[in-house]
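What TrEMBL records for this protein:
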- 22-72: domain 'NXPE C-terminal' (DOMAIN)
- 253-734: domain 'Cas1p 10 TM acyl transferase' (DOMAIN)
- 269-291: transmembrane segment (TRANSMEM)
- 325-343: transmembrane segment (TRANSMEM)
- 355-375: transmembrane segment (TRANSMEM)
- 396-417: transmembrane segment (TRANSMEM)
- 452-468: transmembrane segment (TRANSMEM)
- 474-494: transmembrane segment (TRANSMEM)
- 506-526: transmembrane segment (TRANSMEM)
- 561-579: transmembrane segment (TRANSMEM)
- 600-617: transmembrane segment (TRANSMEM)
- 659-679: transmembrane segment (TRANSMEM)
- 685-709: transmembrane segment (TRANSMEM)
- 730-750: transmembrane segment (TRANSMEM)
Amino acid sequence: FKGGDTCEYLLSSGRFLGEKVWQPHSCMMHKYKNSEAKNCLIDKHVVFIGDSRIRQLFYSFIKLINPQVKEEGIKHGNIPFEDKSASIKVDFLWYPEVNGSMRQRIKSWTESSVAKPHIIVVGAATWSIKIHNGSNEALAQYKINITSIAPLLEKLAISSDVYWVLQDPVYEDMLSESRKMITNEKIDAYNEAAVRILNSSSRNSKAKVKVFSVSKLIAQETIMKSADGLHLPESSRDTNAMILMNVYCNKIMKPIDGSCCQPQPPLTLIQKIAFCFFTLSIIGYLIISLIHRNNYRKNKSCTDLESGEEKKPAISTPNVSTLEMLLHCFCKLGLIMTYFYLCDRANLFMKENKFYTHSSFFIPIVYILVLGVFYTENTKETKVLNREQTDEWKGWMQLVILIYHISGASTFLPVYMHIRVLVAAYLFQTGYGHFSYFWIKGDFGVYRVCQVLFRLNFLVVVLCIVMDRPYQFYYFVPLVTVWFMIIYATLAVWPQIVQKKANGNCLWHFGLLLKLICLLTCIYFLSYSQGAFEKIFSFWPLSKCFELNGNVYEWWFRWKLDRYVVFHGMLFAFIYLALQKRQMISEGKGDPLFSNRVSNVLLFISIVSFLMYSIWASSCKNKTECNELHPSVSVVQILAFILIRNIPGYVRSVYSSFFAWFGKISLELFICQYHIWLAADTKGILVLIPGYPMFNVLVSTFIFVCVAHEISQITNDLAQIVVPKDNSTLLKRLLCIAGFFSGLHFFSAMQDQSRH
């Protein structure tokens, strides 16, 4: 990456993704809505000066502000436009030739008493070629005229944004007889003259006229669709207008998915503190490593020449080894977080927009599924949803979700609905796993709760600090965290009903069912009472965790989308464990789960249910309506999959170690993808190797998976240190963690105050 300004890339280079999606080189282009365009251009004056091609660009630009505008102005005259609601004024001035008249108009804006336009877009040449029949004298005069205008434009560029639009190529075969002299050779000569003369006298980088040359590239691909061989098709000029909007507005609006022309965000106070902490950790670890190495050399086993005895090296104390492990973890984490920051906050690596095609999604899916089959091994145990099987389930689901995100498949509704089932299946496993643990173990101690909360939230808390993002931004972790606490509260609250107690008296089973019914009632009430839900999570300090963009609506939407599936997971665990205790199912190796007849019937029903859900999801026409039904029906496909996977004994007895390996780091993969695989907070794709999309994905994926695996190990190591089993030590650590979050809140408040 040569560095440089992404605005230059936006204005000069790029390629088409498909037919109508333009991808600038090295950065992402935001698609501006009318409201966003108005907010950006409020109280602004924009002027387009030139011929009929510039008039086309003018109309496309004002349609971004008001789509209802019709192209009804005078063809060879000035056309005004005004949006009074936002005080936006956009004018088209008819100057088809670069001559004295154009120079006089531009000169009038350089006078101090006249209000200058905020944006000036200029371009003309084809009329000069046409009127003078493509003569060399006309080109020479064009050079003289543009030389006289250039200093004026450069003077205006000090306070305004000035763009010179290079001439697009023509489709010579379609030109009318009166335009046959307008050849691409002549157009190239005029463009070359403009580029050479503009900015030739300017030494001030702020006083540069921006050359809008990307339109040439767009025209080369689309001019064949022109109606007359001269004017661009509508889709192409709309792309040019959107590029112009991105060049000016991205630095003002700062859209997440518009990295072009955006300056690097300044480091916040909390980020600076984090940087200092990780730096000190690295220095501390290096110092301790050097001390240990020196001690090792001094105390190294050697033979005493006099006695012939071997000297024993000194043994390091446990406190030093714990400190060293802590610093080692933070040292590695600091280096990893530096990579995160460089990928998605510094303007070091390129970013590109996603573009969905069926092949970009389904071909990788088929590939990884085939690959997973090659790594089939026997399970250590053959119980329903055993550890290897759940890891495998998490693994292939996570890989599918990753492919879904990088391919931009959310635009294809049937795929979106199936991915929603995979997210629901994760939450189903949350309900199933935690319920099973508490029901069987009866362990409601603080240690267990702290271990789970630490493992779930450690990476996200670090990313919130380093990447300057709110907790709710990483929505899945808050979701599983809250559901874990709900499961814990449901089972831990009096009376605590566990399997050991229920085995002594069957009435306790009804007591537990009553608890589950109460939980379902609360879920139902909150899902249909947005006001009550928002009040609960708007109280401090919950509001600090669950607000996004100043409100908790996003959190309510995410919670509501899969509101019943955790309950379904708990209920399934309860029924399964009850059947298992009464030996009503057979879990021997190779044995079907039930009798042959019952197994065959259930297997048939499961396959039909699985396919019926897929047919329904594929026939969805409206995302909102399908999302309303999803919480109630997603469990159908989840249960169908579990039965298909577990009823046949031979299927239950094997698993894919390939998928299981990814399943063990699925949480880290899900979170890390935000910044070091995708880019711009998941809106785009990270580009480490420009120009080679497939090779880039291979390299970035390799680094991404290695980082996720390393973070998983770091989290496990730190969990043993930060969350000890000893209650008195654990209490001290919890007080330290409370102090840490209090300090974080204090610095966050200072940060917010400085921003305002």
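Quick reminder: no glycine exception, Cβ is built from N, Cα and C everywhere.
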Q.
Six or more residues beyond either end and a Cβ under 8 Å away: which residues meet both conditions relative to the transmembrane segment (474-494)?
A. 423, 426-427, 430-431, 434-435, 438-439, 444, 449, 452-453, 456-457, 460, 463-464, 515-516, 519, 545-546, 554-555, 558-559, 562, 566, 570, 667, 670-671, 674
Q) Who are the chain neighbours of the transmembrane segment (396-417) in space, where the CB to CB distance is under 8 Å and they lie at least 6 residues beyond its ends? A) 354-358, 360-361, 364-365, 368-369, 372, 423, 425-426, 617-621, 623, 626, 630, 656, 659, 662-663, 666, 669-670, 673, 677-678, 682, 685, 697
Q | For the transmembrane segment (269-291), sequence-distant contacts whose Cβ falls under 8 Å of one of its Cβ atoms, 6 or more beyond its ends | A | 320, 323-324, 327-328, 330-331, 333-335, 337-338, 465-466, 468, 744, 747-748, 750-751, 754
Q. What are the helix, strand and coil residue counts for the domain 'NXPE C-terminal' (22-72) according to DSSP?
A. 22 helix, 9 strand, 20 coil
